[in-house]
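Enquirer: This is the structure I have questions about; it appears just below.
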Amino acid sequence: MKKTKVNPEDDITLGKFTPKPSPQDSYQGNFFDVFRDADYKDYILFSGGLILSAVNGALVPFNSLIFEGIANALMEGESQYQNGTINMPWFSSEIKMFCLRYFYLGVALFLCSYFANSCLYTLCERRLHCIRKKYLKSVLRQDAKWFDETTIGGLTQKMSSGIEKIKDGIGDKVGVLVGGVATFISGVSIGFYMCWQLTLVMMITVPLQLGSMYLSAKHLNRATKNEMSAYSNAGGMANEVIAGIRTVMAFNAQPFEINRYAHQLNEARRMGIRKAIILAICTAFPLMLMFTCMAVAFWYGATLAAAGAVSSGAVFAVFWAVLIGTRRLGEAAPHLGAITGARLAIHDIFKVIDHEPEIKCTSSEGKIPEKIQGKLTFDGIEFTYPTRPELKILKGVSFEVNPGETVALVGHSGCGKSTSIGLLMRFYNQCAGMIKLDGIPIQEYNIRWLRSTIGIVQQEPIIFVATVAENIRMGDVLITDQDIEEACKMANAHEFICKLSDRYDTVIGAGAVQLSGGQKQRVAIARAIVRKPQILLLDEATSALDTESERMVQTALDKASEGRTTLCIAHRLSTIRNASKILVFDQGLIAERGTHDELISKDDGIYASMVKAQEIERAKEDTTLDDEEDEKTHRSFHRDSVTSDEERELQQSLARDSTRLRQSMISTTTQVPEWEIENAREEMIEEGAMEASLFDIFKYASPEMRNIIISLVFTLIRGFTWPAFSIVYGQLFKILSAGGDDVSIKALLNSLWFILLAFTGGISTLISGSLLGKAGETMSGRLRMDVFRNIMQQDASYFDDSRHNVGSLTSRLATDAPNVQAAIDQRLAEVLTGIVSLFCGVGVAFYYGWNMAPIGLATALLLVVVQSSVAQYLKFRGQRDMDSAIEASRLVTESISNWKTVQALTKQEYMYDAFTAASKSPHRRAIVRGLWQSLSFALAGSFVMWNFAIAYMFGLWLISNNWSTPYTVFQVIEALNMASMSVMLAASYFPEYVRARISAGIMFTMIRQKSVIDNRGLTGDTPTIKGNINMRGVYFAYPNRRRQLVLDGFNMSANFGQTVALVGPSGCGKSTTIQLIERYYDALCGSVKIDDSDIRDLSVKHLRDNIALVGQEPTLFNLTIRENITYGLENITQDQVEKAATLANIHTFVMGLPDGYDTSVGASGGRLSGGQKQRVAIARAIVRDPKILLLDEATSALDTESEKIVQEALDKARLGRTCVVIAHRLSTIQNADKIIVCRNGKAIEEGTHQTLLARRGLYYRLVEKQSS
């Protein structure tokens, strides 16, 4: 035996474990933690990126120095031109010199911007690649206690959104912030250099500008958070309701839920309107402040120029230098939030990375014996879960398992059976006592070796997305193909694997070939067998299977257990009657122990009572039989599906996480609208919708048209602002060019125009933004409401469509409505302002110089073409970038979600290495993408300089040929410059308009969707219903599987007051029958009658008012207990509620709660146990006083103790009513007035329990299967 040190983290003195405090618990987060293990390349990239960003920022205000020179030359040229004495050689030389400087400055800005962003993007991707690997490695080595205190969704979210926040903080945002500070310092310095007096006046307004920007951001962030919180509440409520839509339909609660959703939306709408007004103020006030600042600065500057204290060009240059510096600093300041967010994300992620688990599952320390016998000893084991220290699970458990023995652990839920297995696997450490393997405490063994010598098969086996062979090889990577085949034969899996398309090379798991529960269980058994474990742990390995699958899996388990020490947990007592020893757990202690025969002989024993509770009374025999816990069948409305609703929801959740991770791994910016638009377009096509036009959207917004029209008028006024500014600005140029004694007076009068622009621009911005914001919010709320209302009115077939799953429908409400809102709210004002500014600016340019304007438009068009080409290339490679990250993102979500299986198989390093290999390609592609985006940013930043150079050179050519004047050239260039600024801002919203049209098309289609069945009950007869049910010759197939008949000539009748039970194998049509009675669907052929009325002639609302349904897994909503009991009803008194609760055996429990019937049950009833939820559901059914009661396996998901209480409540509830019962536990329906045996959609047997047993038909065989 190899011996090494005992794990230092465990103090095993006296069998008690004292974990050391984790130093990371006090970890506060450090921005520079991202540079842990960084090499010299990372530091070069970081320092280079910051230096170049600072240089780039500092160079931007140098534009003002060039502008001073060119403005002086133009004004002097204009003055000479007016006097007819222009010195063309001098003028031409000056203009060419400054144009050349513009060109050089553009080149410098391009190079600095490109290399700065390239350095920061590359650094960002290098560090994040390292952090992702560290994070996954750390997560996979944590212990169960740590996983209990966190959520899987939270862990994967940190890997996606958390990484995104770090990317924001250490990527281009840092460069923008550094550049903003550098621009401010440079701009102010240049201002003081050119004219300290004017700069001082300008500096007085700087605190006002920065302060207004800060306060705007602060209030806007607060308003946004409030709005998001309100919409989140509404979205959560909608998600819960749509998930429980069949319960909503069954209890006619659509009007209640529509009103509840409307109430939630009203609050969200109020917050949204408030945000819109704040946003309008935040946009209007800086505009007013800027124009006011211009008025003061230009008047004072003109006065200084007239006095000869400063050149005329410096008046313009100083203003723009200081303004550019201030604006850049203000625009950069919000990025401090990104850095703060990055620091918080670093804290969260590195807290995980640095966390040292109490149980180090990857430790190389501990004993590794060459051979073991397999004797297990539990000695005085005590245990409480760390998250529930007040509840002791094990209270001194002691037992032994000899080598080769099979010992079964039985008992009620929560008694400590699975906990014992978890302790043996060392997922947790016991609080007291000792667990020994061959006489040695398991803490002294190497934990990886310990787990590798144990094979475990659980109730819900985890199958990874890989081939069958690769899944089995997870048990032991060194096995041969022959070993795999032999293990599968032993596990009874070889036969079905050979029928798969690629046999052992068939890819299985989520998103690939789906296996049934029994098939997955047999693959898991084969995976356990190939480990050749000395110890085998079976944790309810057959409880989730139907009878046929269970028989095959049980046979495989019996083979696997031969010659191995086996611990078996079972609720189906028939599966463990041959065990060497049975240990009966009760309240954390072993209450009984012995063989099956020994324990069953104790009439008053716990084991004997459990068997009796499960046994089926049989004719001609009075033998006590062990009953199995019934199959937990697939509870969707299509029984032929392999995957359960819960699995599907989990797969969809993992798919969403995986998508976020893929985008996180390959995106270099936080927004990628091209992908969002493409995704939205694909969803639109799937929905069968067509892209809506803007006219369609405005037509829908007709109730808000008054506000829209008024706001559009003010938007037009706002659009005139910048073209008007260029004219007033040009007039100042003429005033300074002309000179004279009255310059100061003329400048003062000209400044009044700036004040007028401040007033008109600010007021029009405020009014247009507020009114359009209000209109957008109101329309968005109404759109959400209309879609939700129509969803509530659909029949069951609508929700069977895979396009209309819960996630898709809630996404429509949460995402598409805001997308459509973009076509109406403040973004419309921005777009229209840009368009108006463009046309007016171009109009001004052509008015003053028709021959000068085309060159400005041509250069702008050139930029658009270049930028569009880069954007198209990025879009082209976008999907390939996403595809490259599929495997890596899947490995992350799969390994974290299934951490316990990964650890049990000791495959942490395997999963880590697989992720490392899979993430190399997306890492390289992300860096390349960053270089292309750097090119785009660099072009945008340098274009203005090159545009000025080209425009002024062309203007010089026109002046030289007497086709234009210096003033005209200046006026046209400034008019086009102002227009281009506005249209560039508006252009950023164009992708949102494309998305708005797509989303509107989807939502309008959803609103127009007609239901086949009138769920509102506006039509149909409303006779008094007695409760007689008659089904004759009923044929039925689910709408999305028309070729597969579920009911094939089905016949059934139930007279008033009778209890009729439906039994039969899974998929025979039992639950379908109940759904037809509830009229979720209509039969294809045949008749379903209530009393003497065809169910299709009755009002659906009236029908359901007389029916109550209690299902296997009751749906409760996030309401109080009272509201859940009275769900869908009005005017129910407290006395009626309490009577119903008393009959349901829940009243005493409710009155023991602090808030009684006003206690909230939590989301999906999460604050109640399964039995408590079921009894609330029974009370909900009773309070309606229905004529017909439908019970669909109402006790099958409960443990024996809970089942007993609920069954008593059901027996009371069905008195005096027609009752249709579905049950797999045949013991629950043996006293029914009539039992109908179903198979293949037909009723093949009918009679009482005793009569059917006497026939020895299918019912008899079902009884035999459950008792064997």
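Cβ atoms here come from the backbone N, Cα and C positions, even for glycine.
Marked as region 'Disordered' by Swiss-Prot: 1-21, 618-648. If you look up Swiss-Prot, you'll see 40-62, 101-121, 171-192, 200-220, 279-300, 315-336, 709-729, 752-772, 828-848, 850-869, 932-952, 969-990 marked as transmembrane segment, on the strength of sequence analysis. As annotated by Swiss-Prot, topological domain 'Extracellular' applies to 63-100, 193-199, 301-314, 730-751, 953-968, with the evidence given as similarity to another entry. Summarising the annotation, Swiss-Prot assigns compositional bias 'Basic and acidic residues' to 631-642.
What does the local environment look like for each feature on the list?
Expert: Same-chain neighbours of the topological domain 'Extracellular' (63-100): 187, 190-191, 194, 311-314, 316-318, 320-321, 324, 733-734, 736-739, 944-945, 948-949, 952-953, 955-956, 959-960, 965-967, 969-970, counting only residues six or more beyond its ends whose CB sits under 8 Å from a CB of the stretch.
Sequence-distant contacts of the transmembrane segment (171-192) (same chain, six or more residues past either end, CB-CB distance under 8 Å): 49-50, 52-62, 64-65, 116-117, 120-121, 124, 198-199, 202-203, 317-318, 321-326, 328-333, 335-336, 338-339, 668-669, 937.
Mean model confidence for the topological domain 'Extracellular' (193-199) is a pLDDT of 87.
Beyond the ends of the topological domain 'Extracellular' (301-314), by six or more residues, the same chain brings 67-73, 75, 194-195, 197-198, 732, 735-737, 739, 741, 743-744, 746-747 to within a C-beta distance below 8 angstroms of the stretch.
Residues 71, 74-76, 78-79, 82, 294-296, 298-299, 301-303, 305-306, 312, 315, 848, 966-967, 970-971, 974-975 of the same chain, all 6+ positions outside the topological domain 'Extracellular' (730-751), place their C-beta atoms under 8 angstroms from a C-beta of that stretch.
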Enquirer: Does the structure show the transmembrane segment (850-869) and the transmembrane segment (932-952) touching, where I'm treating 3 or more Cβ pairs under 8 angstroms (sequence separation 6 or more) as a contact?
Expert: yes
Enquirer: Cβ pairs under 8 Å with the transmembrane segment (315-336): which stretch of 200-220, 279-300, 752-772 has the most?
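Expert: Most contacts with the transmembrane segment (315-336): 200-220.
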Enquirer: When you check the transmembrane segment (279-300) against the transmembrane segment (752-772), do you get at least 3 Cβ pairs under 8 Å, counting only pairs 6 or more apart in sequence?
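Expert: In this chain the transmembrane segment (279-300) contacts the transmembrane segment (752-772) - 3 or more Cβ pairs sit under 8 Å.
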Enquirer: Is it true that the transmembrane segment (932-952) and the transmembrane segment (200-220) have 3 or more Cβ pairs under 8 Å, skipping pairs fewer than 6 apart in sequence?
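Expert: Between the transmembrane segment (932-952) and the transmembrane segment (200-220), contact is absent.
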Enquirer: I'd like the per-state residue tally for the topological domain 'Extracellular' (301-314) from DSSP, helix first, then strand, then coil.
Expert: 9 helix, 0 strand, 5 coil
Enquirer: Looking only at the topological domain 'Extracellular' (193-199), how are its residues distributed among DSSP helix, strand and coil?
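Expert: Summed by class, the stretch gives 6 helix, 0 strand, 1 coil.
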Enquirer: Sequence-remote contacts (6 or more beyond its ends) of the transmembrane segment (101-121), Cβ cut-off under 8 Å?
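Expert: Sequence-distant neighbours of the transmembrane segment (101-121): 45-46, 48-49, 52-53, 55-56, 59-60, 62-63, 66, 69, 170-172, 174-175, 179, 668, 927, 930-931, 933-935, 937-939, 941-946, 948-949, 952.
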